[in-house]
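Below: one structure, written as structure tokens.
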Amino acid sequence: MAPTVLACLLVVIAAGIALWWLTLSFEAWTFEERRHGLVSRGALSAPPIQAIDQTGEVWTAPWSIKGAPTRVVVLDFVYTRCETVCTALGGTYAQMQAALEQSPAGAAIQLISLSFDARDDLRALQRYADRYRARAPTWRVLHMTDPFARQNVLRTLGVVAIPDGLGGFVHNGALHVIDASGQVRGLFDYADWPQALALARKLSRRP
């Protein structure tokens, strides 16, 4: 076999293996499908997260601390200047916050909006929180000061945030339901927030 033909064959094989891995054995053909596939297999988990909320308080994810109170987290990703999907997410979280505050069991569930924009400082978090009436500790609006840790969270969870050329971003709008061990147990569109909250409540009742 000629060296050129062999080289081409090796490239095709390598590409096929990469495609097989990226598409979960050819079952997922979009990035979001791949994330859902990982969740269904129990293979998507959040890394340790430590961030600052709209009150200036440091928040550490329950799965980042051994022996921390068992809490379920509903996590979304935002940037505070967003006027598109984040507006819908803000309204969605406001509804979930109201539902949780009406139930004693709501204390076992935390709503987290995590900014991926390095420009979002404490004042920006406060404005976003005021806009949607986010009340800590039920709903915390967070930013991570460590850029490497911030990128690690996005990369680990497969969250895409692409600059739109106008100073903003195109990004995922999913709700991530995460259990106390850090495993992502469900991904939901923001319009399906009642289902996300129902799953969070179910998980919070487990020992």
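Keep in mind that glycine also has a Cβ here, set from the backbone N, Cα and C atoms.
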Residue among C8, C82 that, according to TrEMBL, closes a disulfide with C86: C82
Reduced DSSP assignment, C82 (Cu cation binding site): coil
Set of same-chain residues at least 6 away whose C-beta sits under 8 angstroms from C86 (Cu cation binding site): V78, Y79, T80
C82 (Cu cation binding site): tally of other CB atoms within 10 A of its CB: 19
